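Visitor: So that we are looking at the same thing, I have put the structure below in structure tokens.
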Amino acid sequence: MRSKVLFGVILSISVAFCLCPLPTEFQIYAKKLYEDHLNEYKDQAVALWIGILRTLNNFPEVKMRTAILTAFAFCATVFAQSNVESYIAKEKPIAKAGILANIGPSGSRAAGASPGVIIASPSKQNPPYFFTWTRDASLVIKGLIDEFTRGDDSSLRTTIDNYISSQIIQQKVSNPSGSITTGGLGEPKFNVDLTAYTGEWGRPQRDGPALRATAIITYANWLLSQSNNTFVTNTLWPIIKTDLDYTAATWNLTGFDLWEEVSSSSYFTSASQHRALREGAALAARIGQTSVVSAYTKEADNVLCFLQSYWNPSQGFMTSNTGGGRSGKDANTALASVHNFDPEAGCDSVTFQPCSDKALSSLKVYVDAFRSGIYPINNGIASNAAVATGRYTEDVYYNGNPWYLTTTVVAEQLYDALIVWNKQGSLEVTPISLPFFRQFSPSVAVGTYSKSSSTFSTLITAVKDFADGFIDVVAKYTPADGSLAEQFIRNTGAPTSATHLTWSYSAILAAFHARDGITPASWGAKGLSPTASCGSGGAGSVQVTFNVRATTFYGENIYITGSVDALKNWNPDHAVLLSAANYPTWSVTLPIPANTAIQFKFIRKANGQVTWQSDPNNAYTIPASGTYVINENWR
């Protein structure tokens, strides 16, 4: 009762603030009171608004009722925006400080870390995250490099240079994945003193080298603009080239995804590899390292071609992984879109730009997957309003919860899209993106809408409010001290898992920058077209898609094993899980040696029991290049 009364007072003040010319000091007090309690009393607010609206429906003066309802709607928008902006003003410096506190050796939470080493989290147990991940560190330093090269914070240069020095060491550390020349660059994480982590883990992970190359290339391009060619050529280029050579040679091999759980081909990894090779070739040409330009460009073309195969046209989303047995609806693809945002590429769908029809459709499918039945904190939220999102719906890590960074990335993609639409002065609705836009305007039709049209204004405003909604969700579940953990509990919204996650802080800063209209530098995505067929890459393999039509019961899955390493050499205990995304067809795409005769069988696994496909073995000869599709039926 107390909370309802309190919010009733706040609402009354809010309405009065919107509708009446009150003294300035009272307006400020009312606004602050509203913001301070908006999240805490949100449910009571909804109930009170419903009561107010029902009362208004009894008014005979329709015009007056409409005017008041319009004013209330306006107030709701004003205060929602105000709440987001208030949160951003408070959280932005906290997030920046949170990142710097996690960088050794001077970071307050990074004691024991070598200079320039970016820890994932100060959490040393439950879960143990006091390590440095190549992927996470690369994404974080890329954000800091962007800030520095824009001129936002000149003090970051020492941090960046220390990171560069740490990576010169880290690249050369032999580890369970190998040495610098035998696969060690695919090692996902290291101890904070840059010694090898030798415990069990999902390895290799092939996104890290590509992301590190992209971050350092951004720094290199800025240094070249300052005529610092020597440092780029002598210090940065050897690091970049080492990563790019690895990427060119291994992009067509499987590895663990960014969540470190599925070994297959991953959209996020492939997209990161494409960008790194593309801008790496451009940097090489710029500094006279012409011997590698052709090879990097060729492999970039091959990866771009392969990227198109992730699209699921029947369900309208970009599949995150080619294996793993999940739906494929995953934050992986939204993260790929924002980290490959090129403001000069427009709404290009080939490179999955944030405002492209495929990226918007994929985003809607991903967000909608979390609307009901997954997280209790999302129950009762309107079908076109923001919700908390997680990695993927099947997630069970820490009981499966929303993540701060996966929720903020939705906002970031939408803000990036708004930047491009406003810049180009138009917005296109295609048959693919139509369901996304009809969330906000049910009658909108396929077509191109100019900036002067009312449809453009309506959609832009609605998308902006939608994006702000995801920031508001994060604000609601951010503790009073502004700290960001990895996750927040699906039932209560309380923070859980690793504390002070560096990636969470970096992700929310990226969303804030996008909301302010800040864009990264172009990396060459404009005007790219995929080739007719995808090459096999430097490893001499062909991407083979294995499809089998098989009906199953709940808890039963389909696997494949066969005569080559990629098919686990007839070992049913290590057989490769197929995806049921297009059930009853189960699928997986794997790199198989070119010009090779293979044999294999599909197997069923359920409750510890293994059932083999009947004889004879399936037998095929893999071609010399391109891609290859095998279709079978269970027998």
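Glycine residues also receive a Cβ, built from the backbone N, Cα and C atoms like all the rest.
Taken from TrEMBL, the feature signal peptide applies to 1-18. If you look up TrEMBL, you'll see Trp201 marked as substrate binding site. Here TrEMBL flags Asp257 as active site, proton acceptor. Summarising the annotation, TrEMBL assigns active site, proton donor to Glu260. According to TrEMBL, the domain 'CBM20' annotation covers 536-635.
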Visitor: Let me know how many other Cβ atoms fall within 10 Å of the Cβ of Asp257 (active site, proton acceptor).
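Guide: Summing over all protein chains shown, Asp257 (active site, proton acceptor) has 27 other Cβ atoms within 10 Å.
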Visitor: Within the domain 'CBM20' (536-635), how many residues are helix, strand or coil going by DSSP?
Guide: 9 helix, 55 strand, 36 coil
Visitor: If I take every residue in the domain 'CBM20' (536-635) and average their pLDDT values, what number comes out?
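Guide: Mean per-residue confidence for the domain 'CBM20' (536-635): 87 out of 100.
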Visitor: Can you check which residues sit near Trp201 (substrate binding site), meaning Cβ under 8 Å from its Cβ, same chain, 6 or more apart in sequence, and list them in order?
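Guide: Spatial neighbours, sequence-distant, of Trp201 (substrate binding site): Pro176, Pro188, Lys189, Glu260.
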